[in-house]
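Shown next, in structure tokens, is the structure this report addresses.
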Amino acid sequence: MITSTLELTRKGQEGGYAIPAVNILDDLSLRAVIDAAVEKASPVIVQVSVKTVRSIGVDLMTKTFAAAASSVPVPVALHLDHCPDRKVIDDVVAAGWSSVLFDASDRDLAQAEQETSEVVVLAHAAGVDVESEIENIVGVEDGVGSDVAVHAYSVDQLAEIAERTGADLLAPQLGTAHGQYTKAPVLLPERVRELARLTDRPIVLHGGTGLSDADFRTFIDAGVSKINISTGLKRAYMHSALEHLRRAEERNKWDPPSMFKDISAAVTTEVARYFDVFGSTGHADGAGAK
């Protein structure tokens with residue numbers, strides 16, 4: 001069933017677990033992620049990058065998601081990830097997606113607050129939730145982001161601005177980064193605890209791929225209730241495709257549907273483990289339809 005991102009993450013807050021928010025690339029990875037959620041009886045947030053939206057198109061992506069998610073026995077939300085482009089946000093809000101991440105981290109503080117407020121008004125009028133990012137989470141993902149943390153603020157500022165803008169979820173800098181880690185990150189779970197004392201809004205962890213299970217549990221225990229996974233899925237997808245193509249070349253046997261089957265199985269296996277680690281396994285019940 002299709003549901004609200006805010007509702008799912010609120011339930012995670014209350015239950016002491018986090019919702020896996022997994023970036024998909026196409027209909028194959030979309031169905032594989034939902035298969036993993038069904039297997040684990042877990043809620044899941046399907047995320048789509050701006051790059052993928054532009055590749056597939058808002059209308060086709062919306063219809064493909066609806067076809068895959070409407071009749072499954074677990075709650076599934078559709079989320080636009082890391083979007084600084086107001087036009088793309090307008091389009092997915094009009095299409096009725098569950099939520100959007102308005103990424104204003106490239107704006108100065110005053111402009112970030114003003115534009116976030118405008119996005120919240122637009123989105124809430126359509127029943128769409130808003131995740132807010134106003135300080136840089138380092139790393140470039142699908143062409144969005146920066147390797148330099150230009151904007152960083154205190155937890156008090158983040159909580160105050162969230163209250164003024166009306167954003168539903170917060171994505172602060174927590175020491176993680178997008179993409180593959182080249183060195184061990186300096187993690188900041190204490191920022192989550194501090195934010196959780198100042199606001200009841202769900203807190204989001206970006207840059208999840210590469211963290212240990214213990215790292216994830218530390219963040220969840222501190223108050224995180226949505227954790228983003230992107231690179232892990234891409235890696236499973238591409239490695240499976242590469243291995244299949246190597247075997248196909250050796251055998252001189254070319255059968256795309258069998259490759260799709262291998263990729264789907266690899267993605268489902270990769271994603272399924274996060275439901276157990278994040279504690280969301282078995283929590284499919286109790287989330288209403290959007």
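Placement of Cβ uses the backbone N, Cα and C atoms for every residue, glycine included.
Curation plays no part in TrEMBL annotations; they are all automatic predictions.
Since the structure is predicted, the reported quantities are computational estimates derived from the model, not experimental observations.
Record features (TrEMBL):
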type: ACT_SITE; residues: Asp81; note: active site, proton donor
type: BINDING; residues: His82, His178, His206; note: Zn(2+) 1 binding site
type: BINDING; residues: Asp103, Glu133; note: Zn(2+) 2 binding site
type: BINDING; residues: Gly179, Gly207, Gly208, Thr209, Asn228, Ile229, Ser230, Thr231; note: dihydroxyacetone phosphate binding site
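Feature annotations (TrEMBL) mapped to structure.
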residue	record	Cβ neighbours (10 Å)
Asp81	active site, proton donor	26
Asp103	Zn(2+) 2 binding site	26
Glu133	Zn(2+) 2 binding site	26
His206	Zn(2+) 1 binding site	27
Gly207	dihydroxyacetone phosphate binding site	24
Gly208	dihydroxyacetone phosphate binding site	27
Thr209	dihydroxyacetone phosphate binding site	22
Asn228	dihydroxyacetone phosphate binding site	27
Ser230	dihydroxyacetone phosphate binding site	24
Thr231	dihydroxyacetone phosphate binding site	19
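Here His206 (Zn(2+) 1 binding site) is compared against the recorded positions Asp81, Asn228, Ile229, Ser230, and the shortest C-alpha distance is to Asn228. Distance between Cα atoms for Gly208 (dihydroxyacetone phosphate binding site) and the residue listed as 'active site, proton donor': 14 Å, as a whole number. Proximity to the residue listed as 'active site, proton donor', defined by a C-alpha to C-alpha distance within 10 angstroms, is shown by the following binding-site residues from Asp103, Gly207, Thr209, Ile229, Thr231: Asp103. Here the Cβ of His82 (Zn(2+) 1 binding site) has 29 other Cβ atoms within 10 Å, regardless of which shown protein chain they belong to. The distance from the Cα of His82 (Zn(2+) 1 binding site) to the Cα of Thr209 (dihydroxyacetone phosphate binding site) comes to 16 Å. The Cβ of Ile229 (dihydroxyacetone phosphate binding site) lies under 8 Å from the Cβ of Pro20, Ala21, Val22, Asn23, Gly208, Thr209, Val271, Tyr274, each on the same chain and at least six residues away in sequence.
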